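Q: Below is the structure I would like to discuss, written out as C-alpha cells.
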Amino acid sequence: ICMCFSVEEENPEFWRSKATQTLQSVLDRKLNTNVAKNVILFLGDGMGITTYTAARILKGQLQDQTGEETVMTMDTFPHVGLAKTYSVDFQIPDSAATATAYLCGVKTNLNTIGVSAATRNGVCKTQKGNEVTSILKWAKDAGKSVGIVTTTRVQHATPAAAYAHSASRSWYGDADMPDAAKRDNCTDIASQLIENIDIDVIIGGGRKYMTPRGTKDPEYSSDLSSWGTRRDGRNLIQEWQSMKTGKVAHYVWNKSDFDAVDPEATDYLMALFEPGDLRYEVERDPSTDPSIVETTEKAIQILQKNPRGFFLLVEGGRIDQAHHAGRAYMALHEAVAFDNAIAKGLELTKEDETLTIVTADHSHPLTFNGFPFRGQSILGKSPLWGTDFLPYTTLMYGNGPGHKIINGKRPDIRNVATNLISSVQQPPQFAAGPNRDHVRPPPQVKEGALTPAQLQDR
C-alpha cells in the first residue's frame, strides 16, 4: 500500500496551522455591501453533496493528485448554505418544480413549470391564471440583459422555468402536446422561448423542437430522429431572426460559427449545438462542440456590455442525466466541467458588482461505501469486500440500472474495470458492507492484505 500523503501531514502543527489560516481569512473578510449589478446563477442539476464531494476528489485525481485535499472553485465561495428540497405534492422534487422554486420563488407541483401549485400536472385548463414570473423577466424588466446557458436542450425543465409556463415539462414542442392541451390554447415550451421574454443569449441544444416536421438536421441529415418535429409548420429559428430586425442577431449550430461570433458586435445570440441535449463532456468533440466553459465565457462577454448589468443562468444539466443512467463516471466529469465554468465566470466578472451563486436543485441516491484508501480512484472499488466475500464499487446508487442479481447473488466484479466511460455503478444488493468492528477479508487473503484485483484501481 502506497503512502498517499506527505510526511508533514503527520505533524499536528500542520493541521493547526491550516486551521488558523482558514479562520484568519474569514476574520479578514470584508463584507460586500454593494448592490449587485450582475447576477450569475450556476445550477448543477442533480449535484447533491455526495456528487460534489466525489467530483472534488476526481478533479484532483485528474491532476495526478490524491484528490481528497483538492479545492474546487465552488469551495472558495465565502458563504455556504443548505437548501431544503420538496415540491408541493411530492416528497422528492424534480427539476421542473425545483426550477420554478429557485427562479420564480414559488413552490409548485411535480413536472410543472413556471406555474403555481394550483396547476395540475398535464392539465392545461388548470394552468390559465396560475402563471408565475421568473427572475429572468424581472431582470429584463429592470433593463438588464439576460441569458441562458445549458448542457441540455434549452427547452428542458431548468432553463424552461426561466421563461415558460407549462402544465407539463414534457411539452418541449407542439408535437409533444396532447390534442386537449392544444384545444385549450396551451402552447409548447419551444414557442414560448421566443415569444415570452426577449432573451439576449440562448445557448444549449434542442434544434429539433424549433423546426417543422421533416426538416433535416444540418449536422445529422440522415438521422430521422434528429429532424424537426413541429407539426404547426413554424420555423422558430427563422421567426426569432425576423424578430431581431435592426439588431445584430446570430444563430449558430456549430463551433466554428460560434467561435466567429464577435461578442462586442453582437446584440443577440442563439446557439443550438444538438437536436436534443448536448454531448457529455467526455464524449464531446472539441473541434465541433464548445465546452460549458466556452459557452459561459461567450455569454458573459455579450451580456456584460449592458451598463445596467445582466442576469445569466448557467446549468450543468447532464450531471443529473448521467446519474439517472447510473453512470458516475459521466456525472462526475460533468461536475468537474461545471466547476471549471464557474472559475471562468469569476475570472470574467468583478466581485464588487456581481453576485455569483452556485447551487443544485436536488440530489441523487449516490453513496460512498466502505473504507477506500486515501488517493484511491473515486471510480474504483473498495479495498475491503462485503460480507458475501465480493468486492463492490466505492460509489454506489440506491437504485438504478446497475441492479443485477444472478442466482441470488450479485455479480463478481473482481476482474471488471469500474473506472471506464461505459461503467454503470451498482445499487447496494448485499445485506451489510464492512465496518470498522467487523471486516471479513476476501477468501484466501491474509488479514490486511490486498489482492491484485483490489489494487487495479489504485
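Keep in mind that glycine also has a Cβ here, set from the backbone N, Cα and C atoms.
Below are the features I grabbed from TrEMBL:
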BINDING   D45, D320, H324, D361, H362  Zn(2+) binding site
BINDING   D45, H156, T158, E315  Mg(2+) binding site
ACT_SITE  S95  active site, phosphoserine intermediate
REGION    425-458  region 'Disordered'
Q: Here's one to test understanding: among the recorded positions S95, H156, T158, whose C-alpha is closest in space to the C-alpha of D320 (Zn(2+) binding site)?
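A: Ranked by Cα distance from D320 (Zn(2+) binding site), first place goes to S95.
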Q: Which recorded positions from the set S95, H156, T158, E315 come within 10 angstroms of D45 (Zn(2+) binding site), judged by C-alpha positions?
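A: Passing the 10 Å Cα cut: S95, T158, E315.
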Q: Can you figure out which of S95, H156, T158 (the recorded positions) comes closest in space to H324 (Zn(2+) binding site), comparing Cα atoms?
A: S95
Q: How long is the line from the C-alpha of E315 (Mg(2+) binding site) to the C-alpha of H362 (Zn(2+) binding site), rounded to the nearest angstrom?
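A: Rounded to a whole number, the Cα-Cα distance is 13 Å.
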Q: Centre the Cβ atoms of D45, H156, T158, E315, go out 8 Å, and tell me which other residues of that chain have a Cβ in range of the Mg(2+) site.
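A: So the additional residues around the site are L43, S95, A99, T150, T151, T152, A157, P159, G316, G317, D320, D361.
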Q: Taking the Cβ of each of the binding-site residues and counting other Cβ atoms inside 10 Å, which one has the highest number: H324, H362?
A: H362
Q: Just checking the recorded positions S95, H156, T158: which sit within 10 A of H362 (Zn(2+) binding site), CA to CA?
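A: Qualifying among S95, H156, T158: S95.
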Q: Sequence gap of 6 or more, C-beta under 8 Å: which same-chain residues meet both conditions with respect to D361 (Zn(2+) binding site)?
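A: Same-chain residues close to D361 (Zn(2+) binding site) (Cβ under 8 Å, separated by 6 or more) are L43, D45, G46, T85, P93, S95, T98, A99, Y102, T158.
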Q: Cβ-Cβ under 8 Å from H156 (Mg(2+) binding site), same chain, 6 or more residues apart: which ones?
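A: Listed in sequence order, they are S95, T150, R169, Y172, G204, G206, D277, G317.
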Q: Give me the count of other Cβ atoms within 10 A of the Cβ belonging to S95 (active site, phosphoserine intermediate).
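A: I get 25 for this one.
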Q: Within 10 Å of the Cβ of T158 (Mg(2+) binding site), how many other Cβ atoms can be counted across all chains shown?
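A: Its Cβ shell of radius 10 Å holds 27 other Cβ atoms.
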